[in-house]
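Copied from TrEMBL, the annotated features are:
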ACT_SITE  96  active site, electrophile
ACT_SITE  168  active site, proton acceptor
BINDING   9, 10, 11, 174, 213, 234, 235  substrate binding site
Ligand SMILES: O=C(CO)COP(=O)(O)O
C-alpha cells in the first residue's frame, strides 16, 4: 500500500509577511499530521529558513523547488542539495515544466539534478508531462515515456525507490483546466507500466502525484484513482483553507 503525499509548490510567490500568515494558518490543522497523508510545502529559497523555523516540530515537511546538479563551488546563483539538507529540506522538485521550458532544462540535466538530490540525502520529485501540442498530436505517452526512461537509464531504476514522480501535464498547469480523473489515471497507469518494464517491484511501490490545476473541488476524484497517490499543488496551495481541504481529500 502506497502512502499518499500532497505537496504545495508555492513557486515564486510570497513575502515574509504572507508566508508567516500562510504557515500560521496551516499549522493548527496540519501540525499533528493528517491520517495517511504526508504533507510537504515547497517555498521559494529565501523563505526556507523561515518556514523551517515556523514549522519546526510539526508534521509539515519542507521541500524545495529546484537544486543545482553541482555539489559546491563557483556556480553563482546556484543552490546545492547539501545546502537544502542543512535547512531540513527533505524533498526537492526536479524537472518542473516551468524550468524545462523557461530555463531549457534537458532530460540529461534533470537526471543530473535527480542524482545530486539523492547524493545529498533528498527525495527528488521528478516532474514529467506533455504539452498541449503533444497531447493533441497523440504524442503524450511518447513524451512522458522519454522523460521517464532518460532518468531510469542515467540513474538506474532502483533510484526510483527513493523518489517520487509527479505527472504534470503542461496544459493543465495554472490554467484552471485539470486533467479529468480518467485521463490522469490513464497516464499514471502508463507511467507505472513504463517503470515496470525495468522493475515491477519498483513500479508498484513508487508514489505518482498528479499536478495541474488541482483544487479543493477536484482533488477528491483525482486522489480516488488507483494510480494517483496524491497531488503537487500550485496556485491552490497558497490558500491555507484550500490546501488543507486538498490534503483532507485523500481517502
Ligand atoms: O505546477 C504545478 C505544481 O508544481 C501546478 O500548478 P497549478 O496547481 O497552479 O496548476
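Cβ atoms here come from the backbone N, Cα and C positions, even for glycine.
Location within the structure of each feature annotated in TrEMBL.
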residue : record                       : Cβ neighbours (10 Å)
9       : substrate binding site       : 26
10      : substrate binding site       : 22
11      : substrate binding site       : 18
96      : active site, electrophile    : 28
168     : active site, proton acceptor : 28
174     : substrate binding site       : 13
213     : substrate binding site       : 21
234     : substrate binding site       : 22
235     : substrate binding site       : 18
- Using CB under 6 Å from any atom of ligand 1, narrow the binding-site residues 9, 10, 11, 213 to the ones that qualify. 9, 213
- Message: Tell me the Cα distance separating residue 96 (active site, electrophile) from residue 234 (substrate binding site), rounded to the nearest angstrom.
- Response: 11
- Determine, to the nearest whole angstrom, how far the Cα atom of residue 9 (substrate binding site) is from the Cα atom of the residue listed as 'active site, proton acceptor'. 12
- Message: Can you tell me the CA-to-CA distance separating residue 168 (active site, proton acceptor) and residue 96 (active site, electrophile), as a whole number of Å?
- Response: 8
- Taking every pair from 9, 10, 11, 174, 213, 234, 235, which the record gives as binding substrate, the longest CA to CA distance in angstrom is 14
- Query: Which of the three DSSP states, helix, strand or coil, fits the residue listed as 'active site, proton acceptor'?
  - Reply: coil
